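Taken verbatim from TrEMBL:
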- 26-185: domain 'MARVEL' (DOMAIN)
- 30-49: transmembrane segment (TRANSMEM)
- 61-86: transmembrane segment (TRANSMEM)
- 98-121: transmembrane segment (TRANSMEM)
- 156-181: transmembrane segment (TRANSMEM)
Amino acid sequence: MSEPATNPAATSFPAPTISLPLGLEVLRTYSGALVSLEILFGGLVWILVASSNVPVPLLQGWVMFVSVTTFFLSSAYLTLLITGLADRINTDWNFLDVFYHFVALLFYFAAFVLEAATTAANGGAHIKPLPNSTETVMCITYPRGNIFTVLSDKQYSINVAATIFAFVATLCYGCSMVMGFKRWRM
């Protein structure tokens, strides 16, 4: 008697490769904690840049794109790990983890630099209310560099906070990439 035919689709894909625990146990690992911090700080960057009314859309548009995109992608990645669905998808999760965090690190570093440039380009300009009046006047002390932005004190403070959180998010993505690379090479 002949052997039963095997399904070629079942034998052509390798078993999923993931070295992180699934379920809520992933939050007890450094990688799970870093992904949670990526979501937290990325969300803060998104909220802060949006609340500053995006005074320089040419520069801050990229910051908004990166923060929103990575927020949703990191949330989806963490959701796949927590729900255990990552074990049902046949792919090399360790490689995807390294690749995603590498791309996110590059994008977030560019976003951090652009947000810092927007904040630093304020150049001594400030808006002051006129005494005994409801009108305001813009005072320019000394413009520095080729980019010149006019930010109110509130916008400047919000952009400083967004720059700091973008830097912290960049560090989180870098640490996640290094940890993922070590897992991938094991």
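Just so you know, glycine gets a Cβ as well, placed from its N, Cα and C.
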For the transmembrane segment (98-121), sequence-distant contacts whose Cβ falls under 8 Å of one of its Cβ atoms, 6 or more beyond its ends: 38, 42, 45, 49, 55-56, 59-60, 62-63, 66-67, 69-70, 73-74, 77, 144-145, 147-149, 151, 156, 159-160, 162-163, 166-167, 169-170, 173-174, 176-177, 180-181, 184
Tertiary contacts of the transmembrane segment (156-181), as residues 6+ beyond its ends and Cβ separation under 8 Å: 30-31, 34-35, 37-38, 41-42, 44-45, 48-49, 51-52, 63, 67, 70, 94, 97-98, 101-102, 104-105, 108-109, 111-112, 115-116, 118-119, 122
